[in-house]
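Copied over from TrEMBL, here are the features:
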DOMAIN    9-436  domain 'Major facilitator superfamily (MFS) profile'
TRANSMEM  12-37  transmembrane segment
TRANSMEM  43-69  transmembrane segment
TRANSMEM  76-92  transmembrane segment
TRANSMEM  98-120  transmembrane segment
TRANSMEM  141-161  transmembrane segment
TRANSMEM  181-202  transmembrane segment
TRANSMEM  238-257  transmembrane segment
TRANSMEM  277-298  transmembrane segment
TRANSMEM  310-330  transmembrane segment
TRANSMEM  342-366  transmembrane segment
TRANSMEM  378-404  transmembrane segment
TRANSMEM  410-432  transmembrane segment
């Protein structure tokens, strides 16, 4: 049976999520090799984690992209943004020194952020009131597939194109034709480059969001400047309450998820003494479970089961995963690979499944439902800027300040992350909004009335 335009649009736009998470995880996989190849320490590990797709780069990109998506339309972003992304990952793929690597990471990070507000807005605006969660679930499935695919490929490459020799040193130039041990890492970014070009070709053919077009026509062509958009978003009490709620739910969860996406392979290796093959296997299984959870739980039941119940279930599972890791796994024999044993798999299963219908899924859904079309993208940009900006600061503190490369530092960071997950659980369950099964116009009218300031 042929796919509807709604589903075709959802799939095309969801590729942005695949590229977002894929870039974050590919960078995380490559960090250890980059550090040796370009001779930088933990400070630069922190900086690279903070300026790219996982944090500051995406934060600034979202602020810009959200405003542009509201002013010029969702299609404007899809026409140009992934070409910027492709440029960034191409630079990373070809990097021969630290400045070139930094430039690629920053450019790809800006692009990742710019695509987020328009993607979630477009999917929500093109969906019916009974399929919004289902389509957001598809986009989250794509987000989960990015890491799953990258880790599986990295696992395969660890056998075919090893990065390090028996002595732990980076394999020299000439090992793989003219290439050194970074060859496998370059191939990961080549894959992202090719997928970005394919996704760009699909997205540039999309129709503009009808909801955005109608609201622009009703506004008689009046368009806010960036300052006016910020003023609208931050002076309306309804907006401010929603922003505080969504940031509290998503920021706290995203600090944990962002740390895992960017630094978990590094922490497994440094604090847990796991080898590359074991790390890639653990991460691949985790993300496969996340992908399954996105489709089998959020996409299938997100429009049917009350959101408060679903959110409580995922938040409890996420918190339980980190309690197991911190208070049991890392306490055994200083957290070595032999001591973790089956507890690692408990952690992987709990977090992996919960991430499939996580706070990010609900944030993607609620952030499009709780704000009017005229500045939906802009407000999402502001929130994403706050969330990823704070994650950038945390990235600097977590690696450079807390010393997560040691078992003691890992435990300290883990306890803090348990606290963040508890906050997300409490806020999300208590103040879960009543938007399920209602059109975006109905939600907007109830919250803002007939006239939107």
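Each residue, glycine too, has its Cβ placed from N, Cα and C.
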Original post:
Do the transmembrane segment (76-92) and the transmembrane segment (238-257) share at least 3 Cβ pairs closer than 8 Å, excluding pairs fewer than 6 residues apart in sequence?
Top reply: no
Original post:
Looking at the transmembrane segment (342-366) and the transmembrane segment (238-257), are there 3+ C-beta pairs under 8 A, with each pair at least 6 apart in sequence?
Top reply: yes
Original post:
In this predicted model, what is the average pLDDT of the domain 'Major facilitator superfamily (MFS) profile' (9-436)?
Top reply: 86
Subject >> Contact between the transmembrane segment (181-202) and the transmembrane segment (12-37) (at least 3 Cβ pairs under 8 Å, separation 6+) >> reply: yes
Original post:
Of the stretches 12-37, 43-69, 98-120, 410-432, which racks up the most C-beta pairs under 8 Å with the transmembrane segment (238-257)?
Top reply: 410-432
**OP:** State the non-local partners of the transmembrane segment (277-298) in its own chain: residues 6+ outside its ends, Cβ under 8 Å from one of its Cβ atoms.
**Re:** 25, 29, 133, 136-138, 140-141, 143-148, 151-152, 154-155, 158-159, 264-265, 268-269, 310, 337, 344, 348-349, 351-357, 361
Subject >> Distant-in-sequence neighbours of the transmembrane segment (12-37), which means Cβ under 8 A and at least six residues beyond its ends >> reply: 44-45, 48-49, 52-54, 58, 78, 81-82, 85, 89, 92, 101, 105, 108-109, 112, 115-116, 119, 122-123, 138-147, 149-151, 154, 163-164, 169-170, 180-182, 185, 188-189, 192, 195-196, 198-199, 202-203, 206, 258, 261-266, 269, 280, 283, 287
